[in-house]
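Asks: Before I ask anything, let me first share the structure, which is written out below as C-alpha cells.
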Amino acid sequence: MLPSTIQTLTLFLTSGGVLLSLYVSASLSYLLYSDILLKFSPTKRTAPTMSLECVNVSNAQAVNHSATKEMTFLLPEPEWTYPRLSCQGSTFQKALLISPHRFGETRGNSAPLIIREPFVACGPKECRHFALTHYAAQPGGYYNGTRKDRNKLRHLISVKLGKIPTVENSIFHMAAWSGSACHDGREWTYIGVDGPDSDALIKIKYGEAYTDTYHSYAHNILRTQESACNCIGGDCYLMITDGSASGISKCRFLKIREGRIIKEIFPAGRVEHTEECTCGFASNKTIECACRDNSYTAKRPFVKLNVETDTAEIRLMCTETYLDTPRPDDGSITGPCESNGDKGLGGIKGGFVHQRMASKIGRWYSRTMSKTERMGMELYVKYDGDPWTDSDALAPSGVMVSIKEPGWYSFGFEIKDKKCDVPCIGIEMVHDGGKETWHSAATAIYCLMGSGQLLWDTVTGVDMAL
C-alpha cells in the first residue's frame, strides 16, 4: 500500500442546535522505483463523505448569541521515509570540514570534545553529526588514554551537522563505545553498544525513550557499523557483528521498528568475517553494504539485503581495485572472485554511497591513498554492473585527502532535498597522539554536486605540537 496523508478538518459550529461537519482530504504521492528503472507511481485516495443536514431556518424560534465555536485540527503524523532518486550531478565536491581542534585553546563549555568514529545521519528536516566521545575535552586533564577503543566513559553524542562538537553543543545520547543512528521519517533511532568484551550489549533508544536491547551471541566484542542504519517505510535495518578481530566474525542484521527489534536476519554466502559495514539503498527493494574483513582479505565483503523478503547474502567484491587497507597491488589477486589473496590481516571502514538515477545506478567508494597506512583518501565510482561479478577496475574520481594527511574511517550518507536525495561521503581525519596525549578526529565531507572534476582536497589545519 502506498503511504498517504489524510488531513481531516473538523469544524464544529453550534448555533441553535446546528452542527456542521466538513471533511477535507488531501493525498500525497510518493516516489517509488524498481531495482534498476525508477518510476513515479502516483495514486489518489478519497476520504469517506457525509451528507450535510440542513436546518429549516423558518422553524428556528431564537438565536443563541452566546453560541460557542470550537475548531479542532487533526494534523497528520509525519510520513515514513523512502529512498528517492538522487539529485542531479556527476561529480563530488568538497562540502564541509568539521575540525574541532582548531579551537583547542578554548576552554570550558566551548572546548572541543575528544571524539572518534564520526558519521552523519539525516532525517527529513536535518542531518546530525554523530561520534563516540571519551567524555573528555581538549585541552583538559582527562585526554590521556583516549586512543583506547572501549572503556566505561565513552558515549554516543551528536550535534546538528555544521556545528562543532563541543561540550556545549553536544547531545549525549547514551553510553556506548560502538554506535549507529538513523531517522525513519518520524523519529530518531539511536544505537549504542557497551559492556565488557565478553558480554557486550546493544541498546536502542527511540526519540527520548530507551526501548530495547540485544545481547552478545559470540561473546567476543559485539559491535555495530559506526555509520548510519537505513530506514524504509518505518523499518530500520542495522548491521551488527560479534567475533574475533583476527578470525571468524559473523554478522547479522536487526530489523527495528519504532525502537524495537522485530526480526533477526542471518546472511548467507561468504560469512567468515564481516564488520563495520557502510550501507545504503540501491533501490526501494535492496540495501547494499560495503564492509570490512579484518582477518582474511583486502577485498570488501559486499552485502545485498532484500527488504521485501528480509534475506541477505554476502560475497566479496570482484573488482581488481582493492578497497581495504592494508592491501596488495591492484589486480594482483588471481583466481575466482571469492579468492582472498594476501595482506588480508587488518583493515579499515570504507565509504560507500549510491547515486540512484532513472536509467542507471552509480556506486561511489573511498579508499586510502596509501596501501599500508591510514593516509590520504581517494574517491572511485562504478556505474551499473554487479559488484559480486564485475572484475573491472573502478574509475578514480579525485583526491579528497592528500597522502600527507590522515585518512581513517570513511562513511556514506544522503541529505534529503525537497524532491531528491544528495549522496555524500565523509572521512575521519584522526589526530593520532598515541597513548601519551589526546587522540581525536576531524571530519571532511564531500557531496554530489554539479559537473566537472573534484577540485580540492581537505586538510585539518591542526598541529598537535601547539
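Using N, Cα and C of the backbone, Cβ positions are placed for all residues, glycine too.
From Swiss-Prot, here are the annotated features:
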- Asp149: active site, proton donor/acceptor (ACT_SITE)
- Tyr409: active site, nucleophile (ACT_SITE)
- Arg116, Arg150, Glu275, Glu276, Arg292, Arg374: substrate binding site (BINDING)
- Asp293, Asp324: Ca(2+) binding site (BINDING)
- 13-35: region 'Involved in apical transport and lipid raft association' (REGION)
- 1-11: topological domain 'Intravirion' (TOPO_DOM)
- 35-466: topological domain 'Virion surface' (TOPO_DOM)
- 12-34: transmembrane segment (TRANSMEM)
Asks: Counting only residues 6+ away in sequence within the same chain, which have a CB under 8 Å from the CB of Tyr409 (active site, nucleophile)?
Replies: Glu117, Pro118, Glu226, Glu276, Ile348, Lys349, Ile427, Glu428
Asks: Along the region 'Involved in apical transport and lipid raft association' (13-35), what average pLDDT does this model show?
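Replies: Mean pLDDT for the region 'Involved in apical transport and lipid raft association' (13-35): 36.
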Asks: Could you check which of these recorded positions, Asp149, Asp293, Asp324, sit within 10 Å of Glu275 (substrate binding site), going Cα to Cα?
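Replies: Of everything listed, what lies within 10 Å of Glu275 (substrate binding site) (Cα to Cα) is Asp293.
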Asks: Identify, in sequence order, the residues in the chain of Arg116 (substrate binding site) that are 6 or more apart from it along the sequence and have a CB within less than 8 Å of its CB; answer 'none' if there are none.
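Replies: For Arg116 (substrate binding site), the qualifying residues are Ala131, Leu132, Glu428, Val430, His439, Ser440, Ala441.
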Asks: Check each residue in the chain of Arg150 (substrate binding site) that is at least six apart in sequence and keep those whose C-beta is under 8 Å from its C-beta; list them in sequence order.
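Replies: Same-chain residues close to Arg150 (substrate binding site) (Cβ under 8 Å, separated by 6 or more) are Trp177, Asp194, Asp197, Ile221.
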Asks: Far apart in sequence but close in space: which same-chain residues, 6 or more away, have a Cβ under 8 Å from Asp293 (Ca(2+) binding site)?
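Replies: When sequence neighbours closer than 6 are ignored, Asp293 (Ca(2+) binding site) has Glu272, His273, Thr274, Glu275, Lys299, Arg300, Pro301, Leu316, Asp324, Gly344, Gly347 within Cβ distance under 8 Å.
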Asks: Have a look around Asp149 (active site, proton donor/acceptor) and count the other CB atoms within 10 A of its CB, chains all included.
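Replies: There are 12 such Cβ atoms around Asp149 (active site, proton donor/acceptor).
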Asks: By a 10 A CB contact count over all chains shown, which of the binding-site residues listed here is most packed: Arg292, Arg374?
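Replies: By the 10 Å Cβ neighbour count, Arg292 comes out on top.
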Asks: When you measure from the Cβ of Glu276 (substrate binding site), how many other Cβ atoms are you left with inside 10 Å?
Replies: 26
Asks: Max Cα distance spanning Arg116, Arg150, Glu275, Glu276, Arg292, Arg374 (substrate binders), Å?
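Replies: Those residues reach a largest Cα separation of 20 Å.
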Asks: If I take the alpha carbons of Arg292 (substrate binding site) and Asp149 (active site, proton donor/acceptor), what is the distance between them in whole Å?
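Replies: With the alpha carbons as reference points, the distance is 17 Å.
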Asks: What Cα-Cα separation, expressed in whole Å, is found between the residue listed as 'active site, proton donor/acceptor' and Arg374 (substrate binding site)?
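Replies: Pair distance, Cα basis, whole Å: 17 Å.
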Asks: What kind of secondary structure is Arg116 (substrate binding site) part of, going by DSSP in three states?
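Replies: Looking at the DSSP assignment, Arg116 (substrate binding site) belongs to a strand.
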